[in-house]
Amino acid sequence: MGAAGVLPAAACVLLALLPPGRAQSTPPAGCGKDLSSLYYNLCDLSAAWGIAVEAVASLGVVTSFVLTIVLVASLPFVQDPPKKSLVATQVFFMLGTFGLFCLTFDFIVGPNFSTCASRRFLFGVLFGLCFSCLLAHAVALNFLARRNRGPRGWVTLAVALLLALVEVIINAEWLTITVARREGGPADPCVLADADFVLALTYVMVLLVAAFGTAWPALCGRYTRWRKHGAFILATTGLSMAIWVAWTAMYLYGNQRAGEKPGWDDPTLAIALVANACAFILLYVIPEVTHVTRRGPEQAYEDDGYPTRGVGYETILKEQKSQSMFVENKAFSMDEPSFAKKPVSPYSGYNGQLLTSVYQPTEMALMHKSEGPYDMILPRATAASTAAGSASSTLRAEDAFAVQARHAAAQRSGQVQSPYSRNRW
């Protein structure tokens, strides 16, 4: 929580740079002559707070917009279902943060009917939306930390929007009642007591305290991987509470004691908006965006146990080759008789030399040699064996075994068949 004292200290430094309140008849240094006095704080070089807050708010608008796009674009790459279900709630939180940076310009420019009405209405609504999203996220983390299974994403988003809708109704009724009750003059939303402005934000403060208290039990859950998300919410809400205590005390009592009651009210609220929105970005949005695409331990374990196969062309060929070899070997072992010896191929002695340097006996020489029947030396394929083994060019084991058995039977009977006793062609 070392950052808790940085933003309030910076706010005090900016407030110390404020010029004393005075009516300006001529444009200040840095502003054009044709510029309305309503926008003097945007260009007044003597009022350092306006330019400093404007620069920080502009940077915050761009940063929050870019982070929102990054979070939405990362949705297809989120592999953890619980994290994916919380993306919608986080997007609405970032939209609320974007609105807070934009609302800062409303407090930098001078007050009129439109700026005062938008200040009073949007200040509580935008903070209510952000704190509602944090509270809904904290509730979901309590389920995840204990059961590793949280509510559905639309349930979490619906809870956040319903909590924010309460503040919308409160601010709408409060703005209508306070503006319409003025008698004897035109309605002016800028005429408002400081205590009324703070009391109208009571519900927002309740949401802030509830989010801070709900984030604590998530740190004690069974599944420790959700603790860091609870720590993000805890740090964000803790620093937000410090900022709210600082600006409320300054707005109600500090400005009056300093003798700059009317002049420091708008800078106090503008600095509070920028400081709290920056706390949202630094302590919650950026950590959540960086963790949204990280895999949980379950997904990492599954990937280690069942590695993903390659989809390259070489990998596919290797798999097909191994599968085809397995099928051929399996079919050959099924066709081969278990009690017969494997026949020796007549080409087993071939050593790869050319035909001119190796003696190759012809069929006539083999027939006249009469060392055995012709079927044993050069077995011929029958119709059955050709039909059954048309897909393979190797000799079938059962055909060779049948020829060998027939030859053995002929020798036992003493009858040697002539190689021309059958019609072989």
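Using N, Cα and C of the backbone, Cβ positions are placed for all residues, glycine too.
Annotated features in TrEMBL:
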| type | residues | note |
| --- | --- | --- |
| DOMAIN | 93-252 | domain 'G-protein coupled receptors family 3 profile' |
| SIGNAL | 1-23 | signal peptide |
| TRANSMEM | 47-73 | transmembrane segment |
| TRANSMEM | 85-109 | transmembrane segment |
| TRANSMEM | 121-145 | transmembrane segment |
| TRANSMEM | 157-177 | transmembrane segment |
| TRANSMEM | 197-219 | transmembrane segment |
| TRANSMEM | 231-253 | transmembrane segment |
| TRANSMEM | 268-286 | transmembrane segment |
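For the transmembrane segment (197-219), the partner stretch with the most Cβ pairs below 8 Å, chosen from 85-109, 121-145, 157-177, 268-286, is 121-145.
Beyond the ends of the transmembrane segment (157-177), by six or more residues, the same chain brings 88-89, 92, 117, 120-121, 124-125, 128-129, 132-133, 135-137, 139, 189, 200, 203-204, 207 to within a C-beta distance below 8 angstroms of the stretch.
Each of 47-73, 85-109, 121-145, 231-253 was scored by its Cβ pairs under 8 Å to the transmembrane segment (268-286), and the highest score goes to 231-253. Counting same-chain residues at least six beyond the ends of the transmembrane segment (121-145), those with a Cβ under 8 angstroms from any Cβ of the stretch are 82, 85-86, 89-90, 92-93, 95-97, 99-100, 103, 106, 151, 156-157, 159-161, 163-164, 166-168, 170-172, 175, 200-201, 203-204, 207-208, 210-211, 214-215, 217-223, 226-227, 229-230, 233, 236-237, 240, 269, 273, 276, 280, 284. Within the chain, the transmembrane segment (231-253) has long-range Cβ neighbours (under 8 A, six or more residues past its boundaries) at 1, 3-5, 7-8, 11, 15, 131, 134, 137-138, 141, 194-195, 197-198, 205, 208-209, 211-212, 215-216, 218-219, 264-265, 268-269, 271-272, 275-276, 279-280, 283-284, 287-288.
In the predicted model, the domain 'G-protein coupled receptors family 3 profile' (93-252) has a mean pLDDT of 90.
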